[in-house]
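Copied from TrEMBL, the annotated features are:
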{"type": "BINDING", "residues": "Arg111, 134-137, 200-202, Gln206, 253-256, Arg436, 447-448", "note": "substrate binding site"}
{"type": "BINDING", "residues": "Glu130, Asn132, Glu354", "note": "Mg(2+) binding site"}
{"type": "BINDING", "residues": "Glu130, Lys291, 350-359, Tyr361, 384-387, Glu411, Lys438, Asp444", "note": "ATP binding site"}
{"type": "DOMAIN", "residues": "190-288", "note": "domain 'Glutathione synthase substrate-binding'"}
Amino acid sequence: AAFRQAEEAALQTLLSCPALSALLHPCVQVVNYAPFTLLPSAVPRALFEQAYAVQQDFNLLVDAISQNKEFLEQTLASTIKVDDFTARLFRIYMQVLEEGLAQTVFLGINRSDYMFDCGVDGTTALKQIEINTIAASFGGLTSRTAHVHGLVLKVLGKTKEASHLLPNNPSEGLASGIAKAWELYGSPSAVVMFLVEEVQRNIFDQRCVENELWKRNIRVIRRRFRDVFEKGSLDDSRRLYIDGQEVAVVYYREGYVPQTYDQQNWEARLLLERAQAVKCPDIATQLAGTKKVQQELSRPGTLEKLLPNHPEAVARMRATFAGLYSLDEGEEGDKIAATAIADPDRFVLKPQREGGGNNLYGEELRQVLEKVKDSPERTSYILMDKIKPQPALNYLLRAHSPLQVSECISELGIFGVYVRQGRELVLNEAAGHLLRTKAVEHADGGVAAGVAVLDTPYLV
């Protein structure tokens, strides 16, 4: 009760501050602390190190896919017939290629997410859930989480254990990639533009990255799609200007769900893609992160074709793949659809969407597949083997939620950053990690979806 009273008093103090009120969007009524676990969660050291070791490989792979027009065309051919959102993105991609790319510097910020699959014999294995190539979030807030858990452990008298928590600062790593792209763009007066949502629920996560850029004396502006539509323009060299300011880098924290786009916003997206400015991601890299591409990568021989000179990288990546299955029309798709309908608890059904909370499980999976099994619409989904991690106990702390112990499972994300100039990769590194934990009764959804909370790995 005392904690709740102190929380409410602090909140009222914050909201009564004129300086803070002036910064808040008019629609924002409440500022809450980010949800987090009371205690750090145990993570197998070997699997944690494996996830870090393969991140540069995945950076290399995403960049290779983004440059391979033939692969993207063939892989997404069935999807764009039935998924309008992916089709609209793909049409912009083709239009920009036909016109000729003005962009010469390419920046990728991605996050590869994993769970720890527990076998019947009790052994655990690292299995990739997905790779996020646009608006990969929580690099900022997770840069603070280890400090919180270190303090908790010290309060509990666990000073030795607190000293074992790894330092983690993805916000600095992400900013380093943006800063490198800004430098290679070659215009010291140009700005970095964060493309943001109309209502910014996760603003403080973004501010952490932004502040790292200001430390480097790189000017940052924040704009929405409608600002780009109303005030954006290209000069004869296709340099991008907003409100008279030249933009060197466009960092997308928006643009990954269909609800973002009306006709004006689609026109704004095309304007940005035609520009010389560095896009993070450019539209080819966003397409490289689709679920259909992920499924195609699991086919034997695909990785070898994309990275013919990197057999060791191919082996490292393939070791993390879960079973992924196509639902394209034909005998293969018919067979796997029937298998999933008969035994839905073995699988996860994934649409071509980002942002969390979109996947289907169990009876809901079966019902959807029954509905679309004989329709081309089923090709807008892929199937993945359901990963079964070992639960552990923890407390999930959320504003205005009861404090109770829960059975929890965790998901580990590794941030990756790469920069390419022309054909030369000038930066390729892992940039930190993110651990998210949720109660076992929630099948899907991340922190932004209100299901998972921020966590810190305690390596065992």
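Note: Cβ is positioned from N, Cα and C throughout, glycine not excepted.
Automated prediction, rather than curation, is the source of TrEMBL annotations.
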Among Arg111, Arg201, Lys386, Lys438, the one of these binding-site residues whose Cβ has the fewest neighbouring Cβ atoms within 10 Å: Arg201
Winner by Cβ contact number (other Cβ atoms within 10 Å) across the binding-site residues Tyr256, Tyr361: Tyr256
Integer Cα-Cα distance in angstrom, Arg111 (substrate binding site) to Asn132 (Mg(2+) binding site): 5
Whole-number Å value for how far Tyr256 (substrate binding site) lies from Asn132 (Mg(2+) binding site) (Cα to Cα): 10
Using Cα positions only, nearest of the binding-site residues to Glu254 (substrate binding site) (Pro351, Glu354, Tyr361, Lys438): Glu354
Ala135 (substrate binding site) and Lys386 (ATP binding site), Cα-Cα, nearest whole angstrom: 25
From binding-site residues Glu130, Pro351, Glu354, the one whose Cα lies nearest Tyr256 (substrate binding site): Glu354
Among Glu130, Pro351, Glu354, Tyr361, Lys438, which are recorded as binding-site residues, the nearest neighbour of Ser137 (substrate binding site) by Cα: Glu354
Cα-nearest neighbour of Glu130 (Mg(2+) binding site) within the listed binding-site residues, Gln206, Pro351, Val447: Pro351
From binding-site residues Ala135, Arg201, Gln206, Tyr361, Lys438, the one whose Cα lies nearest Glu354 (Mg(2+) binding site): Ala135
Pro351 (ATP binding site) and Ala135 (substrate binding site), distance between Cα atoms, whole Å: 18
